[in-house]
Amino acid sequence: MQLQYVLTLLWIIFAQNVFSRPTISKVAPENIEFFGRVTSYQKPVKVPDPISMYQQFAGLAQQSNCFKTKINATIGDAQLLFSWGDDDKNQRMQIFRSKSLGIVTSWSGMNVTSLTSLLSAADLFLVDVDRKYFPRVKKGSKLYDGFQNAFKRAAPVLVKKIQYFQELYDEDRVSLTGLSFGAALADIALPYVKENLKRGHIHRVVVFGHPRIGNQEWADSLDTYAEGKFFYVVNGNDIVPHLPPREFGYQQPSGQIWINPSNSSNWKLYPGQENVHGANSIFGFSIKDHTGVYFRTEIGSFWGHCPATIGQD
């Protein structure tokens, strides 16, 4: 198992350095030209929501990484209602009630001290989506095998608890967030949760350090389900949003917000999939930028603020 993990990392590094990207010529605002996949040339715009909203999401994304959190703990305008997972085989999943975001589910990032957690993320091959969980996504949709398996273990608990807390608090808004591995799980959860809500709607999905997790068809499906409410935030030169490489068939969905330079207050939305003006305009190589300051709020994984703070960094 350790050998599998090491070989996976070496293969990713090899691909990032050896596979050259084809020359891109601007011919349309959104041009299908990268191995038949979408590349956006749209100019960046201002982020569409108040900064306070992104800060609240960042705080909850950080909080799910904290080992010791008591039920009813308060993070910004949110109260912790439920926690599940051991952060080993199962990523920690926490559910909050937020005054501004509704019922929010947050997943922790990868536990780098756990071999089981590392190997869950190391299973990088694209496989067909499980139609039991995703019956209406686009034909041909594929997902990163390790992430899909991790989500399937959490799915029954997730929907049951969201439905319960919606009824308990008479709340129609449902939001999702997470860092890294947790960001991938929030992405995968969006279609599943939307299909299984008995009331209400997806309010927002805002994730941080989001890796590529599926192919073009999955990215298209996510865009359809999200209806413009999914955003993934890239901090500076963070390497993770560049992995796995597009050369392996992977594709990011729409909704990139790029903070550049890292940890700064300079952020913009880069519309469309794989926008050439956003994080793809540089060679992302930094591991340090993966955990950093997002919207003046630290997301430091297990080494960050616990309890999380909001807008204080």
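Note that Cβ sites are derived from N, Cα and C of the backbone, with glycine treated the same way.
Lifted from Swiss-Prot, the feature list:
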ACT_SITE  Ser180  active site, nucleophile
ACT_SITE  Asp238  active site
ACT_SITE  His290  active site
DISULFID  Cys66-Cys306  disulfide bond
CARBOHYD  Asn72  N-linked glycosylation site
CARBOHYD  Asn111  N-linked glycosylation site
CARBOHYD  Asn263  N-linked glycosylation site
SIGNAL    1-20  signal peptide
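Overlay of Swiss-Prot feature records on the structure.
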residue: Cys66; record: disulfide bond; Cβ neighbours (10 Å): 21
residue: Asn72; record: N-linked glycosylation site; Cβ neighbours (10 Å): 8
residue: Ser180; record: active site, nucleophile; Cβ neighbours (10 Å): 27
residue: Asp238; record: active site; Cβ neighbours (10 Å): 28
residue: Asn263; record: N-linked glycosylation site; Cβ neighbours (10 Å): 16
residue: His290; record: active site; Cβ neighbours (10 Å): 24
residue: Cys306; record: disulfide bond; Cβ neighbours (10 Å): 15
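Nearest by CA distance to Ser180 (active site, nucleophile), out of the recorded positions Cys66, Asn72, Asp238, Asn263, His290, is His290. Across the structure, Cys66 (disulfide bond) and Asn263 (N-linked glycosylation site) are spaced 21 Å apart at their Cα atoms. Of the candidate recorded positions, Asn263, His290, Cys306, the one lying closest to Asp238 (active site) when CA atoms are compared is His290. Spatially, by CA atoms, the recorded positions Asn72, His290, Cys306 include one closest to Asn263 (N-linked glycosylation site), and that is His290. Under the DSSP three-state reduction, Asp238 (active site) is assigned to strand. Taking CA atoms as the reference points, Cys306 (disulfide bond) and Asn72 (N-linked glycosylation site) are 15 Å apart.
Distance between Cα atoms for Asn72 (N-linked glycosylation site) and His290 (active site): 29 Å, as a whole number.
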